[in-house]
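The L-aspartate binding site feature in Swiss-Prot is assigned to Glu175, Arg221, His454, Arg495; the stated evidence is sequence analysis. Per Swiss-Prot, the feature ATP binding site maps to Arg221, Asp222, Glu223, Glu488, Gly540, Ile541, Asp542, Arg543. Annotation source Swiss-Prot lists region 'Aspartate' at 199-202, citing sequence analysis. As annotated by Swiss-Prot, site 'Important for tRNA non-discrimination' applies to His33.
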Amino acid sequence: MHRYRSHTCAALRKTDVGSTVRISGWVHRVRDHGGVLFIDLRDHYGITQVVADPDSPAFKMAETVRGEWVIRIDGLVKARTEDTVNKAMATGEIELYAQEIEVLSAAKELPLPVFGEPDYPEDVRLKYRFLDLRRETLHKNIVKRTQVISAMRREMGNVGFTEYTTPILTASSPEGARDFLVPSRIHPGTFYALPQAPQQYKQLLMVAGFDRYFQIAPCFRDEDPRADRLPGEFYQLDLEMSFVTQEDVWDTMGPLMTSVFEEFAEGKPVTKEWPRIPYDEAIRKYGSDKPDLRNPIVMEAVTEHFAGSGFKVFAGMIASNPKVQIWAIPAKTGGSRAFCDRMNAWAQSQGQPGLGYIFWRSENDKLEGAGPLAKNIGEERTDAIRTQLGLGDGDACFFVAGEPEKFYKFAGEARTKAGEELNLVDRDRFELCWIVDFPFFEWSEEDKKVDFAHNPFSMPQGGLDALQNQDPLTIKAFQYDAVCNGFEIASGSIRNQSPETMVAAFEKVGLSQQDVEDRFGGLYRAFQYGAPPHGGAAFGIDRIVMLLVGAKNLREISVFPMNQQAQDLLMGAPSPATPTQLRELSIRPIPPVKKD
């Protein structure tokens, strides 16, 4: 018999009754029922119930074991009585009658519980992550993450992609976040950077004649902590294709990702045909470029119904500024004054002056609008709004006014709030879509200049002609995001493979041709030696797994994450370098300047 086990803790079945076996694992819990000891022994695969009664030769040793001790047990497999069968366990029809117990490793008093799923301070969980990972839910999440990545690799291979690896030590590149820098010992005073993404390398692979590249790519960004992103590093399914349009990318990756989602969705419906929603339409209908399509609320402009109306606030805004619009947020089943007042109070808590509303109710067999706005604009306009939005008895509508570029985010938040409060969101499904036709440029208030809105390596729609003849802020990009349930899960584009167009695009944001050659020299040179049209995307693995397992944050699906202060509490990183290390790198630390 093997030194440690003949079976795992999930393997034994009724067909093994009468066999003498050996299992090893962690003591999940010990129970004493009338002098008979029951030990649940756990390993990576599952749990087996072990029994030791006073007649067992292993009883005395069984009395000494404690939770999370690692032990080996030899015993006889017995069938459970019918009334003790546990159908919730794979091994629930049998139990192991202990004949010999060997303690392989005792455990100190635990700093956090492993049995069960009690809330515990996150810093304690991260410091003792090796214990935290023994918890059932977190352990399953990590296994599921590995399975999802394996499925992605399999599906990518099935549609002709090949996995290539790209360098981890590379040059610094302005891609929207700070780089993690690595000092060079051989070249004092110079630094490598950890890649924010393999963007330039995957494009260079296309120029080099490869096609359909992918990799499970680690990405590193020195960003301030955010609730929806892991500090330090994250992983993405990175891909690139040659001789493709954006439709080719969508037609390839949409069905592929639907297949991956369906494999792990546990029966929840998954979008098969992903809608393609232009960015401007997404902002207008949902107030967001990552809309949660499980929420049925669709906003509409109702400006005409308030122009010249008796509601002087909105009417005055419309008359004095042609950019002003009134957006309606229809809320089916929200037609009570109590709910409308709650929404208004919520808006004020968000720093807004309030949230105008109308709700409809039947009185004396007549459907009437109620609320201050209805009184001010009159029955005819109120009914026109109701008809436009398809509302009826027991429904409500909220209104946001101003210049859309200034209020659309709040309007989107109000849509989300109303959908959640009214339980309109179906949480047992995965709604996926493409958001397309992103703006290529945006105005930076901070720098008072035009800047790239997203990926600077995207191809502008209209190409060089658009850059030379259009207002930059009207130019769209061949750029797209994939969105699931209100989360961005991918971003991609058709790339700008023309040196002339590349230089013209960067000139719009204040960079010269020399700047382009200095910062993106490898890519710029490559494009002058025959570059195919190419495009791709990157899918965020961490976020996809988080959605699939229903985790509340990204740390619940990552093996050894940092905390929100970008610290690895288990390994003690970051940590000071030794004087010897600093001398070898020709580096002298400078204390940070204290801010007043």
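Any Cβ shown, glycine's included, is placed from N, Cα and C.
Quantities reported herein were computed from a predicted structural model and do not represent experimental measurements.
Under DSSP, the residues of the region 'Aspartate' (199-202) split into helix, strand and coil as follows: 4 helix, 0 strand, 0 coil. Recorded residues Gly540 (ATP binding site) and Arg221 (L-aspartate binding site) have their alpha carbons 14 Å apart, per Cα-Cα distance. A C-beta separation below 8 Å, combined with a sequence spacing of at least six in one chain, links Asp542 (ATP binding site) to Leu230, Phe234, Tyr235, Leu554, Ile557, Ser558. Here the Cβ of Ile541 (ATP binding site) has 21 other Cβ atoms within 10 Å, regardless of which shown protein chain they belong to. Between the farthest pair of Cα atoms in the ATP binding residues (Arg221, Asp222, Glu223, Glu488, Gly540, Ile541, Asp542, Arg543), the distance is 20 Å. In the three-state DSSP scheme, Arg543 (ATP binding site) is classed as helix. His33 (site 'Important for tRNA non-discrimination') has Ile541 as its nearest neighbour among the binding-site residues Arg221, Glu223, His454, Ile541, going by CA to CA distance. Its own atom aside, the Cβ of Gly540 (ATP binding site) has 23 Cβ atoms within 10 angstroms in the protein chains shown. Put plainly, the recorded positions His33, Arg221, His454, Arg495, Arg543 were compared by Cβ crowding within 10 Å, and the winner is Arg495. Non-local neighbourhood of Asp222 (ATP binding site): Ala177, Arg178, Asp179, Phe180, Gly232, each in the same chain, at least six residues away, with C-beta under 8 Å from its C-beta. His454 (L-aspartate binding site) and Glu488 (ATP binding site) have their C-alpha atoms 13 Å apart, to the nearest angstrom. Counting every protein chain shown, 15 other Cβ atoms lie within 10 Å of the Cβ of Glu223 (ATP binding site). All chains included, 16 other C-beta atoms sit within 10 angstroms of the C-beta of Glu488 (ATP binding site).
Confidence annotation: the region 'Aspartate' (199-202) carries a mean pLDDT of 95 in the model. You'll find the Cα of Glu488 (ATP binding site) roughly 17 Å from the Cα of Arg221 (L-aspartate binding site).
Between the CA atoms of Arg495 (L-aspartate binding site) and Ile541 (ATP binding site) there is a gap of 22 Å, rounded to the nearest whole number.
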